[in-house]
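Colleague: Got these off TrEMBL a minute ago, pasting:
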- His111, His113, Glu118, His160: Mn(2+) binding site (BINDING)
- His113, Glu118: oxalate binding site (BINDING)
- Cys32-Cys49: disulfide bond (DISULFID)
- 63-173: domain 'Cupin type-1' (DOMAIN)
- 1-22: signal peptide (SIGNAL)
Amino acid sequence: MKGVHFFLTVTVLALATSIASAYDPSPLQDFCIAVDDPNKALFVNGKFCKDPKLAKAKDFFTYGLNIPGNTSNPVGSAVTPVDVDKIPGLNTLGISLVRIDFAPYGQVPPHFHPRGSEILVVMEGTLHVGFVSSNQDGNRLFTKVLNKGDVFVFPIGLIHFQFNPGHTPAVAF
């Protein structure tokens, strides 16, 4: 009888581990506003957080994404991030935002994000974008030329790129 219980336990554990996720756990509270001073903070979700009762609208706000970035560099692009350093209320939410300015023929070289997918919206100009699928899918290349108003998704963990093939600047978020 003990052998049957052992076998059932091992079987259940094997099934449970085969469906495990590698995503961040759900937050324990609505938000965790990042603070630098641990003496004025609570320790929740592994981060120092402002007491939620002291949260203000300014903790969820930033400005300046209307200002173009400096694209006079070797890759011809500028990435302006909006992350927890700009909006403390983003802490532990698992999201961020960037503005990407492209000079003519500028690029964001191939890179990947191991913990999140990316969605790109073209606001001005034209971009040639793409990603490479994993070995399981034969490393296929998916590319598309995007124009103003077009949206493209780069799946989590896959190598992707953006390139401005045009003679005019481009902007994407």
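Placement of Cβ uses the backbone N, Cα and C atoms for every residue, glycine included.
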Colleague: Can you name every residue in this chain, apart from His111, His113, Glu118, His160, with its Cβ inside 8 Å of the center of the Cβ atoms of the recorded Mn(2+) site?
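Modeller: For the Mn(2+) site, the extra neighbours are Phe112, Phe131, Phe154, Leu158, Ile159.
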Colleague: Report, as a single number, how many Cβ atoms besides its own are within 10 Å of the Cβ of Cys32 (disulfide bond).
Modeller: 27
Colleague: If you count CB neighbours within 10 Å, which one among the binding-site residues His111, His113, His160 has the smallest count?
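Modeller: Ranked by other Cβ atoms within 10 Å, the binding-site residues His111, His113, His160 bottom out at His111.
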Colleague: Please give me the CB contact count at 10 A for Glu118 (Mn(2+) binding site), counting all chains in the structure.
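Modeller: So the number of other Cβ atoms within 10 Å of Glu118 (Mn(2+) binding site) is 18.
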Colleague: Would you list the DSSP helix, strand and coil counts for the residues of the domain 'Cupin type-1' (63-173)?
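Modeller: Helix, strand and coil residues of the domain 'Cupin type-1' (63-173) number 6 helix, 49 strand, 56 coil.
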Colleague: Across all chains shown, how many C-beta atoms besides its own are within 10 angstroms of the C-beta of Cys49 (disulfide bond)?
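Modeller: For Cys49 (disulfide bond), the 10 Å Cβ neighbour count is 21.
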Colleague: When the pLDDT values for the domain 'Cupin type-1' (63-173) are averaged, what is the result?
Modeller: 95
Colleague: Would you kindly give the Cα-Cα distance separating Cys49 (disulfide bond) and His160 (Mn(2+) binding site), rounded to the nearest Å?
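Modeller: Counting only the Cα atoms, the answer is 33 Å.
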